[in-house]
């Protein structure tokens, strides 16, 4: 959520920047009319409150003098009714302003390249050389089925499309990947591991920006319920949601920052806008596992924190010896709440291309303002909004895809990366 003062004082400049850099058309006229009316109602409410207070004091004085106070009492009652009506209109208008503000994306950092879509992203660096194969390359689906470890037909029977049943050594490898990632981030990168709910309320989803704009991408547990919004839940699309909201409505000591958290969770996404895309295999699932990285930092530290967090995700790929590239997203490809994002794309031999395996973003104070997450300096005791960052460290299913395809042998066996062998009981090959 953008700073309301920015929208009030620099509305035209913000609208121009959003249109030029994001392709987002801000409804300037509506916002301007709402703000003008808000100012009028604010003054009217304050004047009515002051007049009502003044008349109420006169009642006491008149009563002490033995005068008839009934006319004054009627006047105070009338002022109270007008005040209640003005407050109600002001509250409704402020809610309308907030509802509109919640649909406005974050402003991109000036270092983000201009562009309309992913074709205009900028490659920053590459790591590792894709392996040359002297045999026909199999994709992860064929390899997983050869190892009797990926069963999509069973998942269709149990649930439907875009789900999978993993079995045997493939399931074990999937588990090993998540354990390896957690151990790396907690033991070498100083993240604190957390276990979080997989169901969250709507306030939590508003805090990180999934609501109100992306409600159709979520799995809601009771979408037709008439219960209060506070009792309605949705399955988490990423552990970023519960982890980041741990600081909602909190004031943190600046000396305690950065706060670095990680969690391994299943993630649930309806993929509402992805019909017909990546229908084969594990690339785009309704349910998938991910190890998430979240940092809560001082505002002046967030850009450096983005570089650090991205490096932490890169380390997973490097230790697994998986070729990848780092891409700086352009303005047209960034997420709704991000001010700057790096994507890490891993090499998939069967597709002969790089595919996203991690997205690392600096959200600036966009989420913090929604959550009212602040920090306080010990020296001057003043509070200010924190900055929040998040990234995949990594998506476990896509990492499994990359391991299966990059470590495949001519006979269909899969070599286990060296760093994973301690998690696999010393096993060197699957199949």
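Including glycine, each Cβ sits where the backbone N, Cα and C put it.
It should be emphasised that the depicted structure is a prediction, and the values quoted were computed from it without experimental measurement.
Site annotation (Swiss-Prot, ligand L-serine) includes 238, 239, 240, 392; from 292, 300, 307, the additional listed residue is 292. Within 10 Å of the C-beta of residue 270 (ATP binding site) there are 17 other C-beta atoms, taking all protein chains into account. The record assigns 269, 270, 271, 356, 357, 358, 359 to the ATP site; their largest pairwise CA distance measures 19 Å.
Considering only the residues assigned to L-serine binding, 238, 239, 240, 292, 392, the longest pairwise Cα distance works out to 9 Å. Under 8 Å, Cβ to Cβ, and six or more positions away along its own chain, residue 392 (L-serine binding site) finds 238, 290, 291, 292, 293, 313, 357, 358, 359, 360.
Here the Cα atom of residue 270 (ATP binding site) is found 17 Å from that of residue 240 (L-serine binding site).
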